[in-house]
Amino acid sequence: MTEETRKSQLSRRQLLGTSAFVAAAGASGLGGALLAGSSETALAAGAAKGGMSPEVKPGELDEYYVFFSSGQCGEVRIVGLPSMRELMRIPVFNRDSATGWGLTNESRKVLTEGLLPQDREFLKDRGDIFLNGDLHHPHPSFTDGTYDGRYLYANDKANTRVCRIRLDVMKCDKIIQLPNQHTVHGLRVQKYPKTGYVFCNGEDRVPIPNDGSHLNDVKQYHAIFTAVDGETMKVAWQVMVDGNLDNVDCDYQGKYAFSTCYNSEEGTTLAEMMSSEQDWIVVFNLKRIEEAVANGDFKEMNGVPVIDGRHGSKYTRYIPVPNSPHGINTAPDGIHVVANGKLSPTVTVFDVRKFDDLFDDKIKPRDAVVAEPELGLGPLHTAYDDKGNAYTTLFIDSQICKWNIEDAKRAFKGEKVDPIRQKLDVHYQPGHNHSSMGQTKEVDGKWLISLNKFSKDRYLNVGPLKPENDQLIDISGDKMVIVHDGPSFAEPHDATIVHRSKINPVSFWSREDPFFADAVAQAKADGLDLMEANEVVRDGNKVRVYMTSSAPAFGLTEFTVQQDDEVTVYVTNIDEIEDLTHGFAIVNYGVNMEVAPQATASVTFKASKPGVWWYYCSWFCHAMHMEMQGRMLVEPKKA
C-alpha cells in the first residue's frame, strides 16, 4: 500500500477492531447514544421553533411526491411529502390482488414479453411469470439535469430485471430481463442531455454462459455493467468488469458513469471478499464505449454487444478506495461525486472534471480524489442540500452526518479545518437517505428522509416482524431537526423526492392508450367497439365475453359458457367521472381486476367448474355497489 493511500484511510483492521463493541450496540439501536460526542437528538418540537412542519391540513396537498422502493414486496409506493402519507402503490414485480396485476392479460404481457428464452422455458410449469421480485432504486427520467416527468425506472435484484413506470398513469408498462448479468443491484439514469441510458450494476459474478459448464472455476466468473435504452427498453451495450459491482451514478455532463465495487479479491466467501485493504470504483467512458460498439470492438453474447472493461481497458478506469465501498452519489453542483466507505469510516470525494485527464493517462487514478473525510462508522449513502453540504448515513453509529464538501477538500490538503457540521441520531441504523430534489441540479435544501432499517421501540409492538422507520428531517436551517417518524412495510431500499411541479398524471385513460391496445384490436377483429359491446363471441372452445361497466351496472347481467372453455372477459369502464374505478371479480374463480375510468381490462381463465358463479364490482363505486353484479353460468360437460 502506498504512503499516499495509507495516510488517507483507516485500515479495515483498525475499523473492525475499534468498532466491535459499537457495532453490537448499533444492532441494539443504541449506537448513536453511545457515541453522543458531537451528536444531537432533535425531536419534532423543533418545528415549533420556527422550522418547517410536516403537517398538511385536510384538503391541502403535499409539495412533493416520494417514490419509495419496497424491496422484497416488489412494488413502488408513492408517498406525499411532508405529510409522509402513503398515496398509492404501483405493482411491478409482484402479484397484486387489488388491481389484478399478474393476472390480467395486460399485466401478464408486461411481465412476460421481456423474459429471456431460458427463463421463459423455466417458468412454463410455474405459471409463466416470476411470483416474486426485489425492487430497489426507483429513479425518474431526466432532461438537462432535472426530472422531466416521463418515466420512473427501478431494478429487481431477485430476478435480474429492470422496469419502467409511466408517470402519466402511474403504471408499469415495460419489464425486461438482462442477459449475461446475474442480479441488478445499483440502478441510476442518465441525467444529461436526457434519459437516455439506464445504468444497471450486475452485482454477482457468474460464468458466461451460466449453463453449468464452469460451476467451480471462479476464473470464468464475471460481473456485468449494463446500459439499457430507456426509450426502447432494450439493452444498448454491456461492459465486463473486475470485482462485484454495488451502486452506480453518473455525471451531469453525459460523459461518465461510475460504480462502487467490492470483492476486488474475486472470492466467493465473506472472508475472501474482505481480505484486501482496498477495493475501487469503476469509471465508464460513455463516448469510448459507444465508439467501441460502432467499431465492432466487442463480443456478442446472447445478442448483446459486450465490451471488455477489465483492468487495462481503454473504456474504464479503476480508482482505489478503502475496502467495500457502498453508495455512490453525484452532487448537484455537477462536479463532485462521493463514494461511501461502509467498512471504512471515510467517504471518498472525486472531481469529475479530472476524469478526462484520467482517461488520457495524464494523471494517476488517485489524483481524481479531492477529499476523504472521516465521518463515523458505517457510511452508506450521501445526499445534498443547496449550500454545499452533504448528509451521509452512518449505519453503525445510527446517525446522519452533515459535512461541508469544500471544507473536506481543504482538510484533505492539510488545512486544520473540521468539515463536520452536525451529527444527528436517527432510529435506527440508516441505509439510504435522500434530500428534496437533491439528485438534480434543482436541489432545494428543504427536506431529508432517512430510511432506517430498524424501528425497534418507535411504534406499538406488532410482533416479531416490525416495520422499517422512515424519518423526515428538516434541513432548511443550520441544524437538522427530525419532525416525523413513518413506519413502512418491508423493505424500502431507496426513495426519490420529486417536486410536484415535475409530474402531471392524468385522471382518465385515453382510449388510444397502447396499454390495452391488444383488447381493442381483438374487439375490432370480432367486429365490436369496446365502448359499446356487451356480447359473447364463441370461437371453438375459446369464448370472448365483452361488457361495459357504468356504475352501478355491468353491460351484461349474465353470460353462459361451457365447462373447460377458455374464457376471456373484457370489461370497459365507460364512466367519465374522475376517481370512479370499477372492479370485476368472479366468486370462487380466483379472478379480480381493476378497471379505471375509460380503461379496458381483460382476464383469461379456464371455466373448469360448472355451476352458477356470480361476478361483482369489487371497487365501491356507487350507493348501489352491492347490486352491481351478474351471473356466469357454466354448463357441465355432456356425458
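Backbone N, Cα and C define each Cβ position, glycine as well.
For the recorded site, His185 (Cu cation Z2 binding site), the DSSP three-state label reads coil. The 10 Å shell around the Cβ of His185 (Cu cation Z2 binding site) contains 22 further Cβ atoms across the protein chains shown. The Cu cation Z2 binding site annotation in Swiss-Prot covers His136, His185.
Residues annotated as Ca(2+) 1 binding site in Swiss-Prot, with similarity to another entry given as evidence: Lys453, Glu468. The secondary structure of Glu468 (Ca(2+) 1 binding site), as reduced to three states from DSSP, is extended strand.
Taken from Swiss-Prot, the feature region 'COX2-like' covers 541-639.
Taken from Swiss-Prot, the feature signal peptide applies to 1-44.
For the binding-site residues His136, Lys453, counting C-beta atoms within 10 A of each C-beta gives the highest total at His136.
Counting residues per DSSP class in helix, strand and coil order gives 3 helix, 54 strand, 42 coil for the region 'COX2-like' (541-639).
Following the DSSP three-state reduction, the secondary structure of His136 (Cu cation Z2 binding site) is strand. The Cβ of Glu468 (Ca(2+) 1 binding site) lies under 8 Å from the Cβ of Leu451, Asn452, Lys453, Phe454, Ser455, Pro487, Ser488, Phe489, Ala490, Glu491, Pro492, each of these being in the same chain and 6 or more residues away along the sequence.
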